[in-house]
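The structure appears right after this line, and notes come after that.
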Amino acid sequence: MAETETRTRTGTTTRTAVRLEAVTKDFGAVRAVDAVDLTVHEGEFFTLLGPSGSGKTTLLRLVAGFEQPTAGRIELAGQDVTATPPNRRDVHTVFQDYALFPHMSVEQNVAYALTVRGVRKAERLARAREALTTVRLDGFASRGPAELSGGQRQRVALARALVDRPAVLLLDEPLGALDLALRQEMQTELKELQRTTGITFLLVTHDQDEALTMSDRIAVVRDGRIEQTGPPVEVYERPATAFVAGFVGTTNLLRGEAAVRVVGRPGTYSIRPERILLTDPAEPPAAASADGRRTVTGRITDIVHAGAHTRFTIALPHGDRLTVHRQNLTGLPQSARPDGEIGLSWDERDAFPVPS
Amino acid sequence: MRVSRTARVILGCVTAAGLAIVYVPLLLVLLNSFNADRSFGWPPSGLTGRWWRAALHSDGAREALLTSLKAGLAATAIALVLGTLAAYAVHRHRFFGRRTVSFLLVLPIALPGIVSGIALNAAFRTVLDPIGVGFGLFTVVVGHATFCVVIVFNNIGARLRRIAPSLAEASADLGARSWQTFRYVTFPAMRSALFAGGLLAFALSFDEIVVTTFTAGPGTRTLPIWIYENLARPHQAPVVNVVAALLIVVSVVPVYIAQRLSSDPAGGRL
């Protein structure tokens with residue numbers, strides 16, 4: 001999957017910011033990263049999405065230079081950096097715990113990259129202030145990290161990593177420690193920051209919402225391998241594997257006998273819960289069935305009101321279960337109550353095959 | 001945890017009694033250094049500064065104080081360097097025998113002083129004597145350094161455990177070389193632990209007597225040795241009291257400061 005991506009793009013003017021070639025990383029007997037090929041283009045917001053322990057953070061640390069690959073090759077902007085120490089790579093990291101220097105003021109933290117490069121004091125203070133303005137933290141320059149809220153620390157960490165405009169910004173679960181409202185606000189802000197600065201962002205997260213909201217492209221990581229690479233829409237609408245279908249969004253996975261009964265064909269199929277419509281079983285199936293809709297009937301076993309939508313669990317005659325999401329827009333069919341008979345219908349193209 | 005009223009009273013009494021057993025005799029020493037009665041009759045017949053003046057002019061006491069200061073400072077300096085390096089190696093690097101090294105480093109503080117003393121004495125006699133280094137201040141410093149290193153090692157180790165490893169990574173990530181990371185990040189975060197470790201090490205060296213007895217030459221008298229030698233001489237007794245009082249003060253202050261610093265969050269105010 002990743003390879004086709006690379007090939008189609010190499011012909012165009014897009015340049016490569018990060019490139020991993022057959023990178024493997026072992027920790028003792030554990031293989032954290034398994035022969036991964038990955039290409040991140042310049043100016044892209046790229047996300048490594050995967051469950052904890054999938055090796056996504058190790059991938060990020062390999063790019064930063066904190067870990068040395070057991071095998072393979074790492075390139076930044078076309079240069080082989082496999083053996084280059086972190087301090088000589090043109091990338092900066094926003095750490096999960098922010099890693100702000102506790103004994104330095106906000107301003108000193110932000111100016112650090114300039115300080116160690118010997119930039120004159122007047123200039124580095126000016127540029128630190130500038131970076132603080134970008135993250136909307138004017139007036140916080142002389143505070144200590146301990147006096148800041150979680151969201152503010154996050155912004156300081158961002159400003160510190162952006163102050164000398166690295167080629168690539170690495171973000172390790174940067175929003176993990178924030179509450180929901182702040183997380184959503186920061187998602188928008190991160191995306192905006194990436195657009196205005198034009199810096200390549202490589203983000204690691206286990207949160208599919210975060211990945212879908214912010215990324216230009218997503219790589220879904222599992223057990224040290226990349227399962228699928230592609231734009232959010234593609235990963236969501238056309239998952240390459242059953243794992244991707246289940247991990248990115250929720251889905252109804254139907255295999256073997258169940259696939260034959262529900263979908264009408266053998267194989268493994270995924271039907272997104274929001275693609276299934278609830279209909280009144282008393283009414284004859286709409287004329288739509290002619291143009292490739294599939295209709296089944298079942299019994300509602302559970303109804304969960306989840307704010308903007310309602311989640312139905314429906315038991316089909318042979319014990320198969322389907323989850324249906326329905327936007328809370330209009331009234332429900334009469335029978336849409338616990339234990340009620342209900343009709344389900346979906347476009348046959350929405351039951352798409354996934355390799356299992 | 002809820003504690004009943006009776007239990008609280010009992011616990012309070014036991015605590016008070018325990019503290020009293022430790023500190024009342026110390027207070028007595030302090031008080032006696034001002035006691036006008038030469039044979040320390042109780043209650044004191046009056047207070048006087050005579051003994052303090054006498055101690056100030058006692059050549060033996062002054063010389064011993066100087067020796068103790070020299071030995072303490074030198075042992076502390078050695079401990080700071082070796083202890084920090086060892087703590088760094090054990091806590092920041094993975095190598096074969098790491099746990100063993102850590103254990104062997106801490107062991108001297110648990111060994112009976114008399115055993116360390118005999119062992120060092122024998123070692124110095126067989127190794128240093130033949131090459132012309134006799135027993136004296138140098139051997140005392142080496143002897144004290146063996147346990148002072150442990151204090152610094154433990155203090156710095158505790159601090160290193162609390163400093164997130166991501167700080168050093170962040171520093172390197174932002175372009176710092178190793179020495180810059182040490183100078184701007186690691187050292188400032190360790191500074192108060194170094195100071196606390198140093199103070200404790202000094203306090204330990206300053207009142208050490210067992211190891212000192214076995215490693216000091218006949219002419220080298222630290223303050224505790226001087227006290228020990230003069231204890232039996234009735235006419236020196238008041239001066240000994242003053243010196244003991246002085247030792248209490250000199251020991252308490254650094255320990256107090258060190259404890260304040262150690263409880264400080266990483267970084268500290270120093």
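Backbone N, Cα and C define each Cβ position, glycine as well.
TrEMBL labels come from automatic prediction, so no person has curated them.
Since this is a predicted model, take the numbers as computed values, not measurements.
In TrEMBL this protein carries:
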- B:9-31: transmembrane segment (TRANSMEM)
- B:65-258: domain 'ABC transmembrane type-1' (DOMAIN)
- B:71-90: transmembrane segment (TRANSMEM)
- B:102-124: transmembrane segment (TRANSMEM)
- B:130-153: transmembrane segment (TRANSMEM)
- B:193-217: transmembrane segment (TRANSMEM)
- B:237-257: transmembrane segment (TRANSMEM)
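Between the transmembrane segment (B:102-124) and the listed ranges B:9-31, B:71-90, B:193-217, B:237-257, the one holding the most Cβ pairs under 8 Å is B:193-217. Ranked by Cβ pairs under 8 Å to the transmembrane segment (B:71-90), the stretches B:9-31, B:130-153, B:193-217, B:237-257 are led by B:130-153. Contact check: the transmembrane segment (B:237-257) against the transmembrane segment (B:9-31) gives at least three Cβ pairs closer than 8 Å, residues 6 or more apart, which meets the contact criterion. Sequence-distant contacts of the transmembrane segment (B:193-217) (same chain, at least 6 residues past either end, Cβ-Cβ under 8 Å): 68-69, 71-73, 75-76, 79-80, 83-84, 113-114, 116-118, 120-121, 124, 134-136, 139-140, 142-144, 146-148, 151-152, 154-156, 158-159, 223-225, 228, 247, 250-251, 254-255, 257-259, 261-262, 268, 270.
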